[in-house]
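Colleague: Below is one structure. I have some questions about it.
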Amino acid sequence: GCGKSNTSTSTPGAAGTPAAGKKINAVYFVNGTLGDKGFFDSAQRGVKQAGETLGMTVKTVEGGTNQADWPSGLESLASSGKYDVIVLGTSQMTDIIKDVAKRYEKQKFIFFDEAITGLPNVYSMTYSQNEGSFMAGAFAALVTTSTELKGANPEKVIGFIGGMDIPIINDFKAGYEQGAKYVDPAITVVASYVGDFANAPKGKELALAQYNSQKVDIAFNVAGGAGLGLLEAGNSLGKYSIGVDSNQNGLYPGSVLTSMVKAIDNSVLRALTLFSQDRLGFGKNEVLGIKEGGVGLAKDELYSKHVPKAMQDKIMDIEQKLNKGEIKVISTLK
Amino acid sequence: MNTRQAIYLEITGIIAAAIMAILCGFIVILFSSQNPIEAISSFLGGPLSGAFNIGTILNKAVPLILTGLALSVVFQSGVFSMGAEGQLYVGAFVGSLVAVYVHGLPAWILLPLVLISAMAGGALYGAIPGWLKTKWNANEIVTTLMMNFVAILTTSYLVNNVFKDSASGGFARMHYVDPAAKLGKIFTGFPAHYGVVVALLAAVVVYLFMYKTRSGYELRLVGKNSRFADYGGISTKRVVIVSVMISGALAGLAGIVEILGVHGTYKDNFSSGLGFDGIIIALLARNHPIGVVAVSLFYAYLQVGAASMQVGSDMPRELAIIIQVMLVLFVSSQAIFAYLKQKFVLRQKAVN
Amino acid sequence: MAILLEMKDIHKTYPNGTKANRGVDLTIHEGEIHALVGENGAGKSTLMKILFGLEAPTSGSILYKGQPLRFQGPKDAIKQGMGMVHQHFMLVPSLTVSENIVLGEEPVKGLFSLVRDRAKELSEIEKLIETFKLKVDPRATVETISVGQKQRVEIIKVLYRGARLIILDEPTAVLTPQETDELFESIQTLVRQGYTIIFITHKLREVMEISNRVTVLKAGKTITTLLTKETNPEEISRLMVGREVLFRVEKQPSEPKETVLSAKNLCASDDKGAPALRGISLDIRAGEVVGIAGVEGNGQTELVETITGMRKATSGTISYFGEELIGKSVAQIRAMKIGHVPEDRQTTGASLTSTIAENLILDHYRNPEFRRGPFLNKKKIKEFAKVMMDVYDVRAQNEDVMAGALSGGNLQKVVIAREISKNPKLLIASQPTRGVDIGAIESIHREIIKRRDGGAAVLLVSAELSEVMGLSDRIAVMYNGKIVAVLDNHDGLTEEELGYYMLGIKNQERKEALQ
Amino acid sequence: MLSALWSQIIDLSLFVILLRFTTPILLSALGGLIADVAGVINIGLEGLMLISAFSAIAVGSVTDSWVLGLVAGVASSMLVCYGMGFFSLKLKVDMIITGFAVNILGSGLTIFLMNKIFGVTGNYSPSGLHNIPVVRIPFIDTIPFLNKLLSGHSLMTWIAFLSVLLCVFILYKTPYGVHLRSVGEAPQAAKSLGISVNRIQYSALAWSGLFTGLAGAYLSMGMTSMFVKDMTAGTGFLALAVVLLGNRNPVGILFGSLIFGLASAIATVVQTIPGSKVPSQFIQMIPYLVTIAALVFFAIRKKKKLNDALRAQAEGAVKIAAA
Ligand SMILES: Nc1ncnc2c1ncn2[C@@H]1O[C@H](COP(=O)(O)OP(=O)(O)OP(=O)(O)O)[C@@H](O)[C@H]1O
Ligand SMILES: Nc1ncnc2c1ncn2[C@@H]1O[C@H](COP(=O)(O)OP(=O)(O)OP(=O)(O)O)[C@@H](O)[C@H]1O
Ligand SMILES: [Mg+2]
Ligand SMILES: [Mg+2]
């Protein structure tokens, strides 16, 4: 049994026991359901790790897909008074957390993926997904013009498959396009949308059409579960793809060359660690970009193995320019 | 058997069914929970523990009542519409436009104006499949199902590209509605909003309309036997159009009340199947407005129970849903009621 | 004669509490035609459903060929050599005649006997048709054939399954006299070949004509069983109804006044688009009953529907007190004091899932008298319904009973009550007594004559020649969408003569043209 | 844009996409059809497909056999159909409520099982899964045009089209098919002849489970090789629409599915043409609008036919009357 346990067996390793020596009770509220293999799952990993490494009691509550359930779902957690801190995120929750945080002043919140400022009990962090997408675009541009990679063709066309035609997805797209054009202005981006984040067969069909008929040789998945169809399509045709949110390189080694990762897990773990040490800056927002390690391309062994060395260097180079601020990435969001 | 006994039997049946379903759920829980008692008690007791949860039940029941009423009206006229979901989106969208862009009116003018425009939006959208049906006998199940997709995609396009509040970030919504148009909380500290009043009022109005007025009589007659209605000089086509429009209006009302009471603005994809829940509600309630209110409260109770079981025990969300499904199935089992009735009759006979 | 079947002290209570049988005894001899009579709701159909295994008896015993017997379902009954032709057709409309006949017992061929053997199916059925002289096209779809043919299909179905005991539940209710005659011939053929027949009917003439013995049920109990040749219709009806029943309608000669309805060159099509009315001209005057005789399917239905606005006329005019009816809506026409008793009370004349009261106010709910503000005045409506049920002797617990729970006779009284209570200047009555027991027939006939004497014009359409001849002042015969004769009803007129016109053998127009 | 579309029609890409979209819709619509014909309308196609999709890939990946996977998918779908029968036929729950319940159940149950069995949430994509094979026809494989037309389609696509023939055979050539139709149309008549209405309806649901199960297995083990939560995303409702659009007969269903498949294929192709200015939402709408248009088109034609008949007859009648 978790969550309910109010026994105060103090753990060794002191990190998880602030002032009163009571075990910290953290809860992660998912405004949706787990299992997107990306965003929510990533945060879930961070929370879990916090539970394991910091000795916190952690629990996850899924709010479901009905938006109307979220305010009451969150409020019931806040009003229960059982949790020292509530972790949640996404811009869909901003209005709700603002309302709840005002009314439950004693409740602490850690909020990811959207800036909340001016509330003394909320710490928030945002990720420059446009910067990450810029890297993905640059990477794709390098791949499609590559002569070393077997699956690459001479045509300068790269693909993008979004879950829905909505601003957050289009912010990815804008960064992706900018990155690609930065490498080679002649590149065309083919963008398609599945219409939801679940219909993997449809995602695969769209990807197949992009690869087969539009001469796309690498495509970027921004469609959650539906986008897995894209990765599979790329693999089945011997073409390339870029994963999203989590490191998806391992799904089809050699075909998923890299992934645009939002390090929500790390950042949540970091925030919880700081919280356990009573050092978390409530009332503030932190922007986590390439520099801060909040976003970036997943560079694991598979990446080292399958991506040509020259390309890796070029990517490193572009990353540095981003870090130095020599490149400014546009965002369609603000 | 008189009506009093019939009601008594009906209630006994519901309790019997609920007990059977809970037993089934309990077996499931036994196999998958460390602490089954805690799980079941948080499922059944959780929703009634505290004003907050009770208020949440009421709030959740509001859109269910309204969509349930919407569907009970069309079903009674013999039209099997599945289009409440789409009508809900269109109604909410139109109503939100008024609530967002019309300013400077006092609440007692603005709020009715918003509600009426939402109802008009839903009604007009609902009229299309009705018209296709009366004009060419186009199957309404197909047209309404397809038109749901069309409505969702169109409103999504509009809110993402035309009416988006630029401050809304990654997920589109409109600007906040005018404060005068909001449906506030009825009591401070109790989460239920004025939508509850709207829903109950709508139930009463629909009840009076269906059972006490000429048009309601015509509507029910067309549903029960359209040949008879034709023979009696009732214009069945007109009645069908009227019923789908009333239904659309109620669905639109459901949408706008959800917007004004819960969200505060129109959000992309805000309803996840409220219109489809309405179908189950209406069928469970055998299309009776009073039944719709009762069933909606029950349904909302189950949903809050499922949520509180997830919070209060180690049961995952999905299992709670499975138990909820069991409850719905058992409670709608006519056989249980028929069995009780027969027992009752036989016992009466034995007494005679 | 040997006893084939004995039913003893049968009781049946339906789940809703209706006690349909409360102690019925019935003995059937081998090779006889046994008539079963009783008022609507006396429990005849229920008894037969129990025998056939469709309903389980609450108590009682059945001996068949000396063996006690309890069927689980009709399949057992069929195996034992019983067959039942139900009161309402048990046919699948979209299947062909032959498919309906063999349903459940299809001849098969091929690997694993999976495939239907259409050739064998047809040849076997054609043999049966041949043997028993039951003319019907086995390839036709059932929804396209006439009522009489449907009845034959039902009988062939039973014969195909090798039944030796055949139950016929009101087989003649929907048949024309000719069809009835043909049916009786077939029954005689069967009995000669050793079949046993149980025959339910409301028409005592038929009982006298064909049965050997007759059992009378009343309120779920057996009153008695009589030898047909030792009894008479008067005795049977007294036993059934409990009082004397008049078979002949008492009426004075008519005194027709002004013309109420005048149709000229009326043409209309049927549901499938085929011409059904081919230039009908007809006058009806106040204070007379004009009867339409004719074999069903010759345009009677379409004529009534066209006059009442339910069907569009393709040409012609209908003047009602000088006002044109064509182009008016049903509602407008009903508001003009035209009453209409439709031929099909189950689907057109009533809403079975509505209450009796709701059925009765069909014309009145628009009436301000029954309203209170924006609402219907429930109390007034209930009172009105109570009075109507009282006046027209509708037997039911109260006005909130569902119309579908009424027996056919009572349901018909509800329809008649509604249409007559509006005080019509023109009353159109289509098959007003179909399937109704003799007591109810008497009262319905009396109502119709009362209207006529009150100065209304009455158009009566009936497949029952005795009814047309008993009630009408003038008789118009329809054949093939036309009126082929208009005859004054006098004592000299015979059914035979009408029959010639009905079958198209004789034609007044042609006769006049020849003269 | 049009030229790009045209070129893909010419090189049969559109045709291939069309076949893949048509297959699951066609199969589950056939499942809906048989139930509908027997008078037990099955709204639960969506949930059944999900359950089958999950069971198929779960068993298929564990046993390393697509055959066993397929069998498991079909069996699970049939089992749930049996449950639907229990509730609707025995406990007399409204068939539509049962259907919706199965849809809700399908989503919840698959997520729950995926989590319990494989410890993953959201999706399950086993590596090295053996998919339902693609059928290559040896000789035709070398002929240009024909190879794309006939070869290289999933086995399930062939099964789907053969299923149409099977349904025609069952419904019109076997006694059982006549029983199915009579039970759906006139249950009293069937009962009076000793046909067990319940048993026939149970069996119809079993067929429904079989075909829908095939459709579900195809989603996870043919069209893709993964299970993603809620991956049907409305396919079951589209199949339901096709059941009604197809006028309740297998050939009509085939045409309905093809119309829908074609519209989806066109939407896919149009969406992947670069530089298209039409908002994606409106392109995604194409299949739904086409379905409505097809329905209305057929309805108008039916009505017009009747009207024409009426008019012709009326003219005839006038002539007769005048004569
Ligand atoms: N399935 C049923 N459920 C409840 N009551 C029924 C049912 N079938 C018949 N009854 C009732 O049982 C009584 C006897 O009906 P039954 O059909 O046996 O009468 P009947 O003698 O055949 O009448 P009719 O001459 O009108 O055919 C009636 O009161 C009828 O309303
Ligand atoms: N389940 C039921 N509950 C109540 N009444 C029923 C039920 N089933 C049948 N009845 C009614 O019982 C009556 C007798 O049943 P039956 O099937 O013999 O019909 P009926 O013959 O139409 O009567 P009628 O001669 O008088 O034609 C019918 O009027 C029918 O509507
Ligand atoms: Mg009867
Ligand atoms: Mg009868």
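Glycine is treated like the rest: Cβ placed from N, Cα and C.
Residues or ranges marked as transmembrane segment in TrEMBL: D:12-33, D:40-60, D:66-89, D:96-118, D:155-172, D:202-221, D:227-245, D:252-270, D:282-300.
Structural setting of the listed features?
Modeller: Cβ atoms under 8 Å from those of the transmembrane segment (D:12-33) belong to residues 5, 41-42, 45, 48-49, 145, 148-149, 152-154, 156-157, 159-161, 163-164, 167, 207-216, 218-219, 222-223, 235-236, 238-240, 242-243, 246, 248-250, 253-254, 256-258, 260-262, 264-266, 268-269 of the same chain, restricted to positions at least 6 beyond its ends.
Beyond its flanks by at least six residues, the transmembrane segment (D:40-60) meets 24, 28, 31-32, 66, 68-77, 80-81, 84-85, 88-89, 95-96, 98-107, 109-110, 113-114, 117-118, 124, 126, 129-130, 184, 201, 204-205, 208-209, 212-217, 219-221, 225-227, 230-232, 234-237, 239-240 of its own chain at Cβ-Cβ distances under 8 Å.
Packing against the transmembrane segment (D:227-245) from elsewhere in the chain are residues 24-26, 28-29, 31-33, 36, 43-50, 53-54, 57-58, 103, 107, 110-111, 114, 121-125, 212, 215-216, 219-220, 252-253, 256-257, 259-260, 287, 291, 294-295, 298: each is 6 or more residues past its ends and has a CB under 8 Å from a CB in it.
Nonlocal intrachain contacts for the transmembrane segment (D:252-270), taken as residues 6+ away from its ends with a CB within less than 8 angstroms of a stretch CB, comprise 1, 4-5, 8, 13-15, 17-19, 21-22, 25-26, 29-30, 33, 161, 164, 167, 238, 241-243, 245-246, 276, 278, 283-284, 286-287, 290-291, 294.
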Colleague: Who are the long-range neighbours of the transmembrane segment (D:202-221) in its own chain, taking Cβ under 8 Å and residues 6 or more past its ends?
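Modeller: Hits for the transmembrane segment (D:202-221): 23-28, 30-32, 34-35, 37-38, 40, 42, 45, 48-54, 56-57, 60, 66, 69-70, 73-82, 84-85, 89, 129, 131-132, 154, 156, 159-160, 163, 170, 176, 180, 183-184, 227, 231-232, 235-236, 239.
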Colleague: Looking only at residues six or more beyond either end of the transmembrane segment (D:96-118), which have a C-beta under 8 A from one in the stretch?
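Modeller: Result: 41-51, 53-54, 58, 80, 83-84, 87-88, 124, 227, 229-230, 236.
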